[in-house]
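Sequence annotations record features per position, and here Swiss-Prot assigns signal peptide to 1-21. As annotated by Swiss-Prot, region 'Disordered' applies to 28-205, 916-952, 964-1006. Per Swiss-Prot, compositional bias 'Low complexity' is recorded for 77-97, 976-1006. The N-linked glycosylation site annotation in Swiss-Prot covers ASN92, ASN204, ASN607, ASN637, ASN662, ASN671, ASN712, ASN892, ASN951, ASN981, ASN1039. Taken from Swiss-Prot, the feature compositional bias 'Basic and acidic residues' covers 102-113, 149-161. Per Swiss-Prot, compositional bias 'Polar residues' is recorded for 123-147, 925-952, 964-975.
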Amino acid sequence: MARLSSIVFIICLLLCNNAISDEVIESPSSGGTLSGGGSGTDTVTGTQDGKGKSEGKGNEGGQTDQKGKENPENGQNSDSTGDSSLGSTGSNGSQPAPTTPKEPEPTTPKEPESATPKASEPVTPQKTAETASGKQVSPTPSENPPSKDTPKPESSSEKKVNSALATPPAPEVSKAQEGAGLATQKEQTPSKRAKRSPPPQVNNITDMESYLMKNYDGVKVIGLCGVYFRVQFSPHLLLYGLTTFSIIQIEPFFEGVRIDFEHQHPIRNKCAPGKAFAFISYVKDNILILKWKVFAPPSDLFANDEVSKQILSAVSVTSDAESSVVDVRKYRLPQLDRPFTSIQVYKANPKQGLLETKNYILKNAIPEKCSKISMNCFLNGNVNIENCFKCTLLVQNAKPTDECFQYLPSDMKNNLNEIKVTAQSDEDSKENDLIESIEILLNSFYKADKKAKKLSLITMDDFDDVLRAELFNYCKLLKELDTKKTLENAELGNEIDIFNNLLRLLKTNEEESKHNLYKKLRNTAICLKDVNKWAEKKRGLILPEEVTQDQMAIGQNEEPYDEDPDDRVDLLELFDDNQNENIVDKDGIIDMSIAIKYAKLKSPYFNSSKYCNYEYCDRWQDKTSCISNIDVEEQGNCSLCWLFASKLHLETIRCMRGYGHNRSSALYVANCSKRTAEEICNDGSNPLEFLKILEKNKFLPLESNYPYLWKNVSGKCPNPQNDWTNLWGNTKLLYNNMFGQFIKHRGYIVYSSRFFAKNMNVFIDIIKREIRNKGSVIAYIKTQGVIDYDFNGRYISNICGHNHPDHAVNIIGYGNYISESGEKRSYWLIRNSWGYYWGHEGNFKVDVLGPDNCVHNVIHTAIVFKIDMEPDSDSNNNNAIKNRDQLIDEDNKSYFPQLSSNFYHSLYYNNYEGYEAKNDDENDQNYGNLDVSGQSENHQNDPKNPQPQANSTVTQLGVCPAENQRTADSNPNAQSTPSPNTTVTDTVNSNTANSNTANSNTASANAASIEKKIQILHVLKHIEKYKMTRGFVKYDNLNDTKNDYTCARSYSYDPKNHNECKQFCEENWERCKNHYSPGYCLTTLSGKNKCLFCYV
């Protein structure tokens, strides 16, 4: 509560005390109420001559205190980021009725030469803005070159600016360094970055501001060194600014690479503690121009808006002759299929728990009613505007002829009727019966503890005949719906056994949300007689024998196969002087297409994307990717973990090679082993046997050819049928041919963590690189006494490893998090083969290093296959799910900006104090001289036509008393089903996301979650036609920003029912998650007149 009050106080300061020297005018507000599910909005309007006057203050009667921004015709910017105070908002009735403009022309329109508003816009009288003393305020400097401006005396603030810009902020680079090859620069860069001092203490309220440019499609950013920001030119480019290390990168969405600002020449302006930066980015004549300057900031940098603008103006008009003071890069863009439509600027302030997104609309290229839909989606914090846009059109029952459909993929319009029927159809009766049974059990297993004021689990004393009957019915339904037959031939428990098993699982996951508990109660292990033996049959790793010196000599004397393409690339040899000359023309303009081409050479297969990059990787979050179609496997009651880990690894390699996803047959590999059925199912093995079987048989059929059921493991290898597909084909096993001393392993490479004990960062970087290149890595871990049927999986576990691993899994991704102690750390995302309902949707997370006192790392060994794969006979037909990772132009069809689920978490993490984390954008390391083979230790209002405004979970920001926060955040009459460990009081008052931190547990211990719970307020600003509208979304946990969905964004037409809508979302998400539009599905199930789930 203290932190919540702190957030409110700071926001009040931000909105009430941020003085801006521009005009202030009065304009009607729009939006829902602030009591929950609505939006406070702030409308910013420009006058004909860019001047206006202040009229009144924000108050509870509904009047809004608004601040107009300078008219871009008179100044360099059409908007500033100064915040204004807010009162409670009015209704939408005050807004003019939406009109349907003509269809936008395909070409990029130029900015209007006059700032006079159109007839449909409110026009305010032309008045000269005056200061408190009555003096006129001179217009801000023009964006045009100085020669076109009327000379005027230099003011004192201008003198400060000129003085700040005149002195270079960092030592100049010598001519010798300027002429040095890129290879040399790349070698020097890491060491320079590593020696940097901690960044300066940034301003508690403001550490960065952004402004829209007048004459070009672009923005200006000014801030203190140490901030991490991003600028997105939708729908084509994303720019990264990691100012701590003076790193700027460009990521074209039409290609999966990142281009470094220092690609051609070293950056001269280096950020340092106590310094500030100015960054200009805009597009002119199909040329992307970036300008970067570091300077000593004046004391009134953010207190006086004029100072910031003058500094930015001075940087923006830098000529080529002055490039020695300002770093300038120009990139010729390839031919794009549509113009730039908007620019987003993203920043974070971890000290205040704030995220801010500004959305600048560049041109009116979309009809007004369509624009309102996208604006509402944005103001509710959606990371995928397109999905929200689809949902809104479906809820509005829009006809296929509706003009808004032209901004969505054609598949939705073509399949509109089918989509609607799917949402209206009934679920399978047995499936519904199981969901109902689980709901009854969850309600039965918790009782209100009046003394502790919370819900607590029942005990055996509360066991009765009603519960006994429901437990029997529950397991009966589970067995009938168990397509993997894991309960077949198994000894089922009686009602007492089931009660104890379920009670243990609920204790271990005591703080899990109800939605996740629904999934966990689908785990068939709960119905077993002896649940402790459940995991024993699922382990099955036997380490291969150590390679002897004789075997090493034999391997080195054999004729080697071709090397893996990943090993052929020496990163430092990719860029020589001749190649660089071809990239830059005589005018110093870099050809982006050629720069992209060379950047791709860093890996033949890896494409950097918002779903997998150097900081974060989870390709399963990208629902259009090939890899996301690889399902979680259930190995059943056989010790075949080694087989399923190898199978998944092979399938991700196929996706990364562009051959598409065809599910391979695990049963074929199991039955073609030269062992008996009992030995195969009970004794276990390792990935080397997987490769030996395939290399010998030269065949691997589809799962549909020879489907897997654990009870069908027989030890009898089938004869391939004529209609079977061979996924193995002419695949070759390659030698590991890394540089330096090594043991040659044929078909695989082994990384043992014990040999990296003195340099675990190298081990971690190697595994991350392999995941980026091959989609996954096979890993050996210890599960006995640590991981069992009740393991949580959603929360990051901090566990040690063991010298004798017993299980094989796949590392499929990684990411960063902030620990309870405030330390920046990283985790592995691991996939198991124990079914979708184990862990968290079949996966779990572990800290990459584990506790400080660990003798062994949690990852005992990592293995990757080294194979030269050829496409199978069916890889070019419609049966194979193509690799959308390598068909990025298909994703570019989206009109709206799309972000990954990790986008805001990454933004916050990189701004989090400490800054000690490794840069997420730096290039791969050169591991050529490392021994990696294991022999050395040196190594979101109208029910009929809903157009609600942004979700509001904060107080009226024009009035700042603390009690208003309680009014805005709570509804005393609202009812909610609390999570198991939530107090009754907290549940009643909660109107935000319950992203509870749960226990990272084991079968024998119930350790607390190691991840810090951080409350976040997301401020969203939509700027269009010189008007600004604000939205607010509050998250109880930073991790909520990482989810594909969050029920906190559920919208209620009656604010009193917000908690009810949120609860409905949590309880029914599992039914709708696979629908074309889950939000539409939920809205249809709930009834369209009550809740709206398009923003979820």
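Just so it is clear, glycine is given a Cβ too, placed from its N, Cα and C backbone atoms.
Features recorded in Swiss-Prot, as mapped to the structure shown.
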residue : record                      : CB count, 10 Å
ASN637  : N-linked glycosylation site : 22
ASN662  : N-linked glycosylation site : 22
ASN671  : N-linked glycosylation site : 21
ASN712  : N-linked glycosylation site : 16
ASN1039 : N-linked glycosylation site : 24
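Among the glycosylation sites ASN637, ASN662, ASN1039, none has a Cα sitting within 10 Å of the Cα of ASN712 (N-linked glycosylation site). Ranking the glycosylation sites ASN637, ASN662, ASN1039 by Cα distance from ASN671 (N-linked glycosylation site) puts ASN637 first. When secondary structure is read from DSSP and collapsed to three states, ASN712 (N-linked glycosylation site) falls in the helix class. Taking CA atoms as the reference points, ASN637 (N-linked glycosylation site) and ASN662 (N-linked glycosylation site) are 25 Å apart.
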